[in-house]
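If you check TrEMBL, you get these features:
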REGION    1-37  region 'Disordered'
COMPBIAS  23-37  compositional bias 'Acidic residues'
DOMAIN    56-134  domain 'P-type ATPase N-terminal'
DOMAIN    163-227  domain 'P-type ATPase A'
TRANSMEM  328-352  transmembrane segment
TRANSMEM  372-397  transmembrane segment
BINDING   ASP443, THR445, ASP857, ASP861  Mg(2+) binding site
BINDING   ASP443, LYS444, THR445, GLU544, PHE585, LYS608, ARG641, THR721, GLY722, ASP723, ARG831, LYS837, ASN860, ASP861  ATP binding site
ACT_SITE  ASP443  active site, 4-aspartylphosphate intermediate
REGION    755-778  region 'Disordered'
COMPBIAS  755-764  compositional bias 'Basic and acidic residues'
TRANSMEM  914-935  transmembrane segment
TRANSMEM  947-967  transmembrane segment
TRANSMEM  997-1021  transmembrane segment
TRANSMEM  1033-1052  transmembrane segment
TRANSMEM  1064-1088  transmembrane segment
TRANSMEM  1108-1130  transmembrane segment
REGION    1188-1218  region 'Disordered'
Amino acid sequence: VNHIIRSVTMSRRRADSQGSMGPDDEAMPYSDDETDDELDNSVPLFFFPDVSWKVKANDRAYHQLPEFQKKVFLCFKKSRYSGNAIKTYKYNVLTFIPLNLFEQFKRAANLYFLALLILQVIPEISTLPWYTTLIPLVVVLGVTAIKDLVDDLARHRMDKEINNRKSEVLLNGRFQEAKWRDIQVGDVVRLKKNDFVPADILLLSSSNPNSLCYVETAELDGETNLKFKMGLRVTDERLQEERQLAEFDALIDCEEPNNRLDKFTGTMLWRRERYPLDLDNMLLRGCKVRNTEECHGLVIFAGADTKIMRNGGKTRFKRTKIDKLMNYMVYTIFVLLVLVAAGLAIGHTFWWEQIGSKAWYLFDGKDQDASYRGFLSFWGYLIVLNTMVPISLYVSVEIIRLGQSKFINWDLQMYFAEKDTPAKARTTTLNEQLGQIEYIFSDKTGTLTQNVMQFKKCTIAGRSYGDPTTAKGVQLDRGQPVDFSWNQYADRKFQFTDHALVSCVRSRKDKDAVEFFKLLSLCHTVMVEHKDGELVYQAASPDEGALVTAARNFGYVFLSRTQDSITIREADQEATYEMLALLDFNSDRKRMSIILRCPDGRVRLYCKGADTVIYERLSPNSRHKETTQAALDVFANETLRTLCLCYKDISDAEYNAWSRKHKEAQVTMVDRDAALDRVYEQIENNLMLIGATAIEDKLQDGVPETIAKLAKADIKIWVLTGDKKETAENIGYSCSLLTDDMQIHYGEDVNEKLRTRQENRRNEPLTQRPGRKKTAEPFFTTPGKNALIITGGWLNEILYEKKKKRRRLRLHRGIDFVDMACECEAVICCRVTPKQKANVVSLVKKYKKAVTLSIGDGANDVNMIKTADIGVGISGQEGMQAVMSSDYAFAQFRYLQRLLLVHGRWSYIRMCKFLRFFFFKNFAFTLVHFWYSFFSGYSSQVAYEDWFITLYNLFYSSLPVLLVGLLDQDVNDKLSLKFPKLYLPGQQGSLFNYKNFFISLFHGIFVSLIIFFIPYGAFLQTMGQDGEAPSDYQSFAVVTASSLIFTVNLQISLDTSYWTFVNCFAVLGSIAIYFGIMFDIHSAGIHVIFTSQFTFTGVASNALRQPYLWLTIILTVGISLLPVICIQFLHKTIWPSVGDKVQRNRRKYELELEEEERKRAPAFQRGRRSRRSAYAFSHSRGYADLIASGRSIRRRPPTRGGPQDSIREVPQTEAENI
């Protein structure tokens, strides 16, 4: 209880102290589960969170009591406690067919064809056989259903694999093996080393002393460094044996299930005593047990209630812009179809009244008036003209998307050999959207960076080290790595090229260098484990590990520690230092110190921290301030994470006086942390500066180049991270997202600008507010580039005002914030929760109507990945949660440029070209019926043979356009990457929109006019060579059909940019198939077998032996294609696009690229702006509490990346900006 009161009091103090200053940049903001009321600062002192979740240990029946039941449907109830089985699939055996059909008939075209099928069954209005619609519809629905089934079976398999994992559960007094799905809330489970945690469990005891348990949270946050959890002392002491665990009957009162990964509050009532519980006592589902032989825990949340599942967010059905556009176009075509059919029906009514009813040879014996005949004609024309909405369009689109997905999977340039990870398109429906991305939202840790730290440089007593030099200090252009074989404890993975520093340290002549590395080996909270004769360090953060490893290689080896001593090896001799006090790091202090009694009896304080806090505390007598400051500026410009080191000798009297105050502060019950901070301040002063370190947070390969390329393609990149502000800013510079010519705006500036804009809007007179929306003034009026760096706290302050404010203002704040952020070249949001990441993505989608892409690698990115239009997961890391929720997955951030600029752009161009042509060929085909109706009494008579209508979209014209949709490319992949500006048409949606649709419509109208009227004119009053007139209806149908096939296939040939043997074969093959099938179905043999189905007996052979008709076909095709050729020629010469220019000079650019690859030389890249000490800001709280408590620890070897150079290389020659 005291613990809770203290934490509430502290949070009140922090809130009060901030006052008008705004939110704390270091604090993680509240979660989505908290209400606006909870955000109010007037929290009562004795405020307790909602503790209505009760868990009874070893008592399954307790959780089935009526008080824990919730209503599901009508009078049906079930337990509010979820089972541990998870479900990510959509269908089961019973729901698959109805649910899948329901989803498919949401598509306008499928519903339209179902209605058509019903119409065709009615004999009075059916002008075409019913099977012409049924067969294509069944094929379309079947293909899509099979694809959905395959996807869902994969989800079923994955769920089954997870739910059937084994774990040991305490049942009937002993541990038994059980499947994860059978675990229930209140069960006691036993976990072994390397086991995944099956549910959110309360740690009771472990095989390690003091019930320590080490977990890897890679599946939660992408980080691979270990975190430790601790059981309560009481459970550790009393719950080690199976018998004791079986008798355990505690009652846990805790918060309801929620999605906060960084918070847990509860109490345990056991043996009439209450014990406080917090997140340090919890093992979350998705973590992996490491370095702990076995541990025991009590299940608190299971299955869907676990924090990792709560963070998943809803699975959204994602559709592309083109999909939505296609639906609207289908509606448009349907409206046109109804209007045309209505017009022709009216024409038939008048025609029957004036001509039809008076012509004796048209008498059909039916007593129907003209209006009724017109009504029937309307439905008849709906059926005849139905091919304006092509059913094969959707099947073709699915095939093209499947092909594009396979090309992504097969791309060897996106294959990461180091971890044997290929790129994977996990969904097949979004490929063309990859060519339209405007905003990318990226995680930082594990996505932009490798989360691997390396000690690169340092400055000692004013002299900088780290550049390649000889042992005598002579600078080299390229250095050889130092040979550390003289040091038996050296870490073989550590690389350093400055031989001068090594010789200086080994000689022990430079006392400052000795103190420098001695400090690194003593002032830390790292734990050590001796494993197979090797030292294995386990640090609270990778930065700490990198510094201690550096000291180890230079001969100052941290060997072991106890509660009150540290043993190191210096100059081949072991020395033990008595640890008097450890002043741990926190985000307010930005430094850590250790007070030691040296072997010679002296008391000395060693301190390391951010230069901003260290310089304030230096003694006036401290030397090398200016030279160290200059070195820090150089290191910061190279985007290295810097840290200052200093020391202070303390007299026994001074230490004893301070120690008394320290002990008093340690036992204070009110505001203990603040009291300790005040005591620490009293001793950390008059420090003597030794030097500074510089650590590199390794970026993934190719990140700066990728970001630069994407920026040239006008794609804006936002980084959303849970890291500290300074860390995120430093990474922003190192990956070229932020540049030195950018003006950076922080949360305070943003809030002020938004408040000003709001006041101006409020003060604006109503008379000046126009009805229509005027263009808003820009937020940044000064010229130059802008960047925004904002913390989660400020995001909440800006976007979620308290309830007492008007909601309308909240809406305006959101719009204004997005407008401001979108004016910036780069946006970095730091200290944000998973829910906030998703909210930021939603804001941009909502207010900018932009296509968004999210990329991340941890469970904290899942919500963001699901919210964006496209979700990309980084695989190859140990966490796979992001990959499981993503649409595309690959191993390295750099592959994103190829995914978007090559595959995305090609997919978009191909799909647009395919759709434009598909609509054109169907308009050209269908509207011939319209022109024919003027000469057939508007009687729903078809202009072609029935079999031609059935097979046109299936065999005669589908393959060439399908291959263009699969294989076409305007320029090759290398030129696509060289000229990122080629990506812009996709963002603007300029290759397929309503304008293109109507161009295709008018093109189709023009071609159908030519195809009908030229043969019609040629057939008028004509005599064949043999004296017979070829001007019958059936010969006319053959000539128009032949002209159409030639025109359509030659037209697609004109539009093809990339010719392969397959394209050529498809065009010629389609024409050959047309003639082959036509001669077959016009043969006498098939007419004899199926007399009523095949009525065009001998027509083809008779008509096509007339040269006159061949000349008619040639004239028709020539006139149809000539205007298109002229227009294309004029466009490419007078108004060429970027793509046209690149195509024209393609050979020249390809030669340039080959030349560049041969001559490519590295160019050094350096920044200029001074940036400070990211290490001290980003470093998390250490293991000081653990060390001080005397609890020991065992370690595993940390996973480290291979050595890589700190100097990034960029190509000297940049692609020209067209």
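Yeah, the Cβs are placed from backbone N, Cα and C, and that goes for glycine too.
TrEMBL entries are annotated by machine, without manual review.
At the 8 Å Cβ threshold, with sequence separation of at least 6, the transmembrane segment (914-935) lacks contact with the transmembrane segment (1108-1130), having fewer than 3 such pairs. Most Cβ pairs under 8 Å with the transmembrane segment (1064-1088) belong to 947-967, among the candidate stretches 328-352, 947-967, 997-1021, 1033-1052, 1108-1130. Within the group of binding-site residues (ARG641, ARG831), the Cβ with the highest number of other Cβ atoms inside 10 Å belongs to ARG641. For the pair formed by ASN860 (ATP binding site) and ASP443 (Mg(2+) binding site), distance between Cα atoms is given as 9 Å, rounded to the nearest Å. Residues of the domain 'P-type ATPase A' (163-227) grouped by DSSP class, helix first, strand second and coil last, total 11 helix, 32 strand, 22 coil. Beyond the transmembrane segment (1108-1130), the same-chain residues lying 6 or more positions past its ends with a Cβ under 8 Å from any Cβ of the stretch are 1003, 1006-1007, 1010-1011, 1014-1015, 1018, 1022, 1024-1025, 1030, 1035, 1039, 1042-1043, 1046-1047, 1050-1051, 1054. Helix, strand and coil content of the compositional bias 'Basic and acidic residues' (755-764), in residues and according to DSSP, is 9 helix, 0 strand, 1 coil.
Among the recorded stretches 328-352, 372-397, 997-1021, the one sharing the largest number of Cβ pairs closer than 8 Å with the transmembrane segment (1033-1052) is 997-1021. Listed by sequence, the residues of this chain that lie at least six past the ends of the transmembrane segment (372-397) yet keep a Cβ under 8 A from its Cβ atoms are 107, 109-110, 112-113, 116, 119-120, 122, 124-128, 133, 136-137, 139-140, 143-144, 326, 330, 333-334, 336-338, 340-342, 344-346, 348-349, 352, 356, 911, 914-915, 918, 922-923, 925-927, 929-930, 933, 938-940, 942, 949, 952-954, 958, 961-962, 965. The least crowded of the binding-site residues ASP443, PHE585, ASP857, ASN860, judged by other CB atoms within 10 A of its own CB, is PHE585.
Residue counts for the domain 'P-type ATPase N-terminal' (56-134) under DSSP, helix first, then strand, then coil, are 34 helix, 10 strand, 35 coil. Each residue in the domain 'P-type ATPase N-terminal' (56-134) has a pLDDT score, and their mean in this model is 80. ASP861 (Mg(2+) binding site) has GLY722 as its nearest neighbour among the binding-site residues PHE585, ARG641, GLY722, ARG831, going by CA to CA distance. Of all Cβ atoms in the shown protein chains, 25 besides its own fall within 10 Å of the Cβ of GLY722 (ATP binding site). ASP443 (Mg(2+) binding site) and ARG831 (ATP binding site) have their C-alpha atoms 11 Å apart, to the nearest angstrom.
Straight-line distance linking the Cα atoms of GLY722 (ATP binding site) and ASP857 (Mg(2+) binding site), rounded to a whole number, equals 13 Å.
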